[in-house]
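Data block below; observations after.
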Amino acid sequence: MFKFVIVNAVLFSCLSEGRCTHIQGTFRTSDFYKFLIKFGFQKTDRHQAQATHGFIFGNITSRDKFQVPVTLAVLDRSYFLDYYKNRVISDKNQACKHMFSTLKVRAYDPKCSPKGKDYLRQVPCPKGKLCVNEDNPWNVVKKHQFTYVIEDFKQPSFWYVSLVACYHDTATCEWKHYNPHPSQELEYDIWLVNGNPNNSAYSTFAYQFSFDRQNTLELYLLFWLCYMVLVPLQCHAIKAQKHPVTKLFTASLLLDFIALCLILVHTLKFALDGEGFPKIALTGDIFDILSRTSFMLLLLLLAKGWAVTRLELTWKPLVFAIWLCYGIVHILLYVWNQTEVDIIEDIDEYQTWPGWLIIVFRSLIMIWFLYELRTTMLYEHNTQKLNFLLHFGASSLVWFIYLPILALIALHVSALWRFKLLLGITYSADCFAYCVMAHLLWPTRSEQYFLLKGPSSADLDELDEFNEAPHVVNNSYTSMSSMSSQDICGYDEPAKSKAADA
């Protein structure tokens with residue numbers, strides 16, 4: 001059941017957060033309203049306007065015969081917010097009037113608003129033909145029924161695509177609800193891209209991606225190359241030193257590397273077809289959460305001096321309970337972000353109450369980490385171990401504290417840039433933490449302060465019994481007597497020779 005919820009969460013977010021630029025599905029008139037996608041379009045370059053426009057194109061058809069067409073709306077944020085909030089009015093005729101109260105004079109209509117802009121389409125379109133209100137056939141992308149060209153020379157912007165069971169009565173220029181019995185259904189197949197689909201020179205790294213996710217593929221590739229150096233080195237290290245700390249660190253690093261590989265595969269596929277592999281991306285996100293929680297467990301264990309100042313771990317239930325709670329809260333935050341956060345509000349996961357909860361939880365764990373590390377260092381007098389704990393504490397503190405600071409900074413960053421900021425800093429902090437930890441735990445260095453596994457307690461008891469055996473005691477006494485005699489003889493002989501000379 002939990003797996004089903006997460007899969008649906010990712011598939012929902014794929015459509016609603018602009019992660020899938022090629023969207024397909026159905027819409028029933030009984031649903032009245034369906035939000036399709038939010039997509040960020042790049043700023044249009046005045047010197048290369050045709051190549052840098054945003055495009056929305058596709059096909060919308062139906063097997064049913066619609067008496068009047070319903071509406072496909074493509075709106076920027078300034079018009080969409082008022083349109084969107086009125087969808088919940090119970091009287092759907094009134095809902096249609098309020099939703100289009102501003103658009104009825106701003107959206108183009110040859111009779112009612114001839115000076116309006118191109119925001120709306122009457123759908124479904126006739127099969128094999130262009131949509132009825134496509135007045136520029138030369139502008140439509142080949143093999144498709146409608147095309148929107150998004151142009152903004154000032155700044156990048158989000159646009160919102162939706163279907164609604166409202167129609168424009170051209171006789172009265174009013175908007176009314178279309179509610180046939182039985183309900184009718186239409187099918188849509190829509191693409192949203194940054195760049196001209198008729199121009200083969202578009203950038204593969206930007207074409208299929210919403211503006212807020214452009215250049216993320218390059219980031220994933222960069223960190224993948226870093227891990228391609230770090231992971232083999234750590235695999236070599238664990239062969240040279242099979243220690244529990246090294247094994248736990250290697251497991252955390254491998255989980256993070258696997259997560260990055262899965263997300264990279266999805267992103268590469270997405271760059272080609274605008275769909276990618278949502279389930280693979282989901283698996284990558286889960287591995288990413290597991291890697292961070294296991295790394296936090298490693299930090300807590302080392303802060304308590306495990307395998308450095310002591311072999312036995314104190315307060316085991318508390319340590320593992322905190323670690324388990326953090327992992328569960330992290331997963332719940334992920335599911336919440338995919339299912340409950342309304343993308344219309346332009347907020348990220350750390351601007352919701354579950355996000356603030358995990359930041360507070362992480363900060364409390366950081367304080368406890370510092371307390372345990374300080375306690376461990378107070379009871380340690382070995383210079384090499386103290387030096388390790390000092391460097392370990394400084395680098396770990398950076399890893400703990402970057403997220404609360406980043407969440408505060410993100411509050412003041414536009415949603416068009418926020419995702420790339422969060423992604424870049426998060427991956428940089430994780431990669432830095434893994435590199436520092438690999439350096440500190442390198443076998444030739446860690447053997448100076450690790451408590452490597454020694455003889456078992458049974459072996460030590462047998463050794464004590466052997467030392468206390470009678471023949472061992474007698475032999476020891478005899479050898480000590482011999483040594484004493486030799487020492488006495490060694491000192492007496494010179495004295496006797498001196499007496500003879502005298």
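Even glycines carry a Cβ here, placed using N, Cα and C.
TrEMBL annotations:
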- 225-437: domain 'GPR180/TMEM145 transmembrane' (DOMAIN)
- 1-20: signal peptide (SIGNAL)
- 219-236: transmembrane segment (TRANSMEM)
- 248-268: transmembrane segment (TRANSMEM)
- 280-303: transmembrane segment (TRANSMEM)
- 315-333: transmembrane segment (TRANSMEM)
- 353-371: transmembrane segment (TRANSMEM)
- 392-415: transmembrane segment (TRANSMEM)
- 421-442: transmembrane segment (TRANSMEM)
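Highest Cβ contact count with the transmembrane segment (392-415) among the listed stretches 219-236, 248-268, 353-371 falls to 353-371 (criterion: pairs under 8 Å).
Only sequence-distant pairs (6 or more apart) were considered; of these, fewer than three Cβ pairs between the transmembrane segment (219-236) and the transmembrane segment (353-371) are under 8 A, so the stretches are not in contact. Tallying C-beta pairs under 8 angstroms between the transmembrane segment (353-371) and each of 248-268, 280-303, 421-442 places 280-303 first. Taking Cβ pairs closer than 8 Å, the transmembrane segment (248-268) reaches residues 216-217, 220-221, 223-224, 227, 230-231, 234-235, 237-238, 276-278, 280-281, 283-288, 290-292, 294-295, 297-298, 301, 430, 434, 437-438, 441 in its own chain, all 6 or more past its ends.
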